[in-house]
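To start, the structure itself, in structure tokens.
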Amino acid sequence: MKKNRLLFRVIILLILSGAVGFTLYQGFFADKEKMQIGKEAPNFVVTDLEGKKIELKDLKGKGVFLNFWGTWCKPCEKEMPYMNELYPKYKEKGVEIIALDADETDIAVKNFVNQYGLKFPVAIDKGQKIIGTYGVGPLPTSFLIDKDGKVVEQIIGEQTKEQLEGYLKKITP
């Protein structure tokens, strides 16, 4: 009985130590890698859930709202319907919304997209390479990229519909 309790405590301690260590590691390196406002957004190539290739450099001339999210993320879930509602209006004005999932299974992401009827391009960041390049920490995190391919702003956290629309206006060409 005492051995089981001791083993349980050691396991919990190891898990907590690992979580704290990971958090400190992420915080330390995220500051070094953080995307710089006013600089060119790093190019990336992904394939969306429809099988269409998306390359950031091909979107020059358009504003890009780049959103990093996860199906398990409640704030992400709350803001997705706003993005979906505003997408057609701003697509006509030259703004593209791209949602990059944080390396979950295809089935989980497809189910989420179908559940919410998302119309904008959604892709999965396999291996979290793009997340690493952009220095993303907590989800949701979004980047505003102007028509010249420069990062205008980084937004961390959930957005209201009004905030989101303000950001989309900001990058409308």
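Using N, Cα and C of the backbone, Cβ positions are placed for all residues, glycine too.
Annotated features, as they stand in Swiss-Prot:
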- 10-29: transmembrane segment (TRANSMEM)
- 35-173: domain 'Thioredoxin' (DOMAIN)
- Cys73-Cys76: disulfide bond (DISULFID)
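The DSSP secondary structure for Cys73 (disulfide bond) is coil.
In sequence order, Leu139, Pro140 constitute the residues six or more apart from Cys73 (disulfide bond) in its chain with CB-CB distances below 8 Å. Taking the Cβ of Cys76 (disulfide bond) as centre and 10 Å as the limit, one finds 22 other Cβ atoms among all the protein chains shown. Taking DSSP states H, G and I as helix and E and B as strand, the domain 'Thioredoxin' (35-173) has 53 helix, 37 strand, 49 coil.
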